[in-house]
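The domain 'EamA' annotation in TrEMBL covers 8-140. According to TrEMBL, the feature transmembrane segment maps to 41-59, 71-91, 103-121, 126-143, 149-166, 178-198, 204-231, 243-260, 266-284.
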Amino acid sequence: MTRDTLQGFFLALAAFLWWGLTPLYFKLVEAAGPLEVLSHRVIWSLVLLAVLLLARKRWPEIKETFSSPKIWGWLLLSALLIAVNWLVFIWSISNGHLVEASLGYYINPLVNVLLGVVILGERLKLLQGIAVALAAIAVGYLTYIGGEFPWIALVLAMSFGFYGLIRKRLPVGAQVGLFAETAMVTPIALGYLIWIGVQNEVTYIAGGTGISLMLMLAGVVTTVPLVCFAAAARRLNYSTIGMIQYVGPTVNLLLATLLFGEAFTMVHAISFGLIWFAVFLFSTQSFADMKRAKKQVAL
């Protein structure tokens, strides 16, 4: 393992650990309500990204991004998708559904495979097909036997899946793209804060200095793991990152059950067991593809 690869591994691990631990932050600011927290996340992420991009002299990229109506239009759609994803995740933490949210991020890679087959016409490999089928069985089992349709998991997986599909096909970097997306959603976020301000329901002002400062940190909470992930992506292949990404939902699940006291029933255990086996098959296929690609390059 080269030094560059090792750095990439630790950067990716740091990013996914950070994402896994974000429920701790959202628990601290849950008094503000999901929509107010989301609004601050959008606004302060925009501010911090603007500073970072200005420091790196990347404003020409931003200008180029906004000058293309086609790219601008797709980024607007991706902005709405990531806003929905953020809102549902924040809501799930505030309402005791982090277990289900973690399920969503476990099945997200499988959803990505399915979207690749349906939309991009990619060929579904045997282990991938079995993994997707197991995920569908797990969702069906949780719905039928458990009596609860896992809408949070599906909304998170589908919104992030479509978001990734759009961003993958756009010639826009991660930080510039997120800056553009938050810039597009900021007018809505500001409008909401003004609206609740008129009704004297703004926690940012009425909740005291502590929660005000915590809400301002939403930009840091959002941007730091993104910077780590972008740096890792330049050093690691996609398959390696794909295997490390399960650290995030695993930490989410541990927080939900061990710290937040959410229920983890036998139905959950069976459903997650199916998902984990699906993840194992998916990772096995990814690892095999990676080894095959290396052999072809060597030849």
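Indices start at 1 and increase along the chain as displayed.
Every residue, even glycine, has its Cβ placed from backbone N, Cα and C.
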*Composition by DSSP (helix, strand, coil) of residues within the domain 'EamA' (8-140)*: 117 helix, 0 strand, 16 coil
_Whether the transmembrane segment (149-166) meets the transmembrane segment (178-198): three or more C-beta pairs under 8 angstroms_ = no
_With contact taken as 3 or more Cβ pairs under 8 angstroms (pairs 6 or more apart in sequence), are the transmembrane segment (204-231) and the transmembrane segment (41-59) in contact?_
yes
*For the domain 'EamA' (8-140), would you mind checking the mean pLDDT of the predicted model?*
92
*Report the listed stretch (41-59, 71-91, 103-121, 126-143, 243-260) having the maximum count of Cβ pairs within less than 8 Å of the transmembrane segment (178-198).*
41-59
*Would you mind listing the long-range same-chain contacts of the transmembrane segment (126-143), meaning Cβ under 8 Å and 6+ residues beyond its ends?*
107, 110, 113-114, 149-150, 153-154, 267-268, 270-272, 274-275, 277-279, 281-282, 284-285
*Taking residues 6+ outside the transmembrane segment (266-284), which of them lie with a CB under 8 Å of any CB in it?*
99, 103, 106-107, 109-110, 113, 127-128, 130-132, 134-135, 137-139, 141-142, 145-146, 242-243, 246, 253
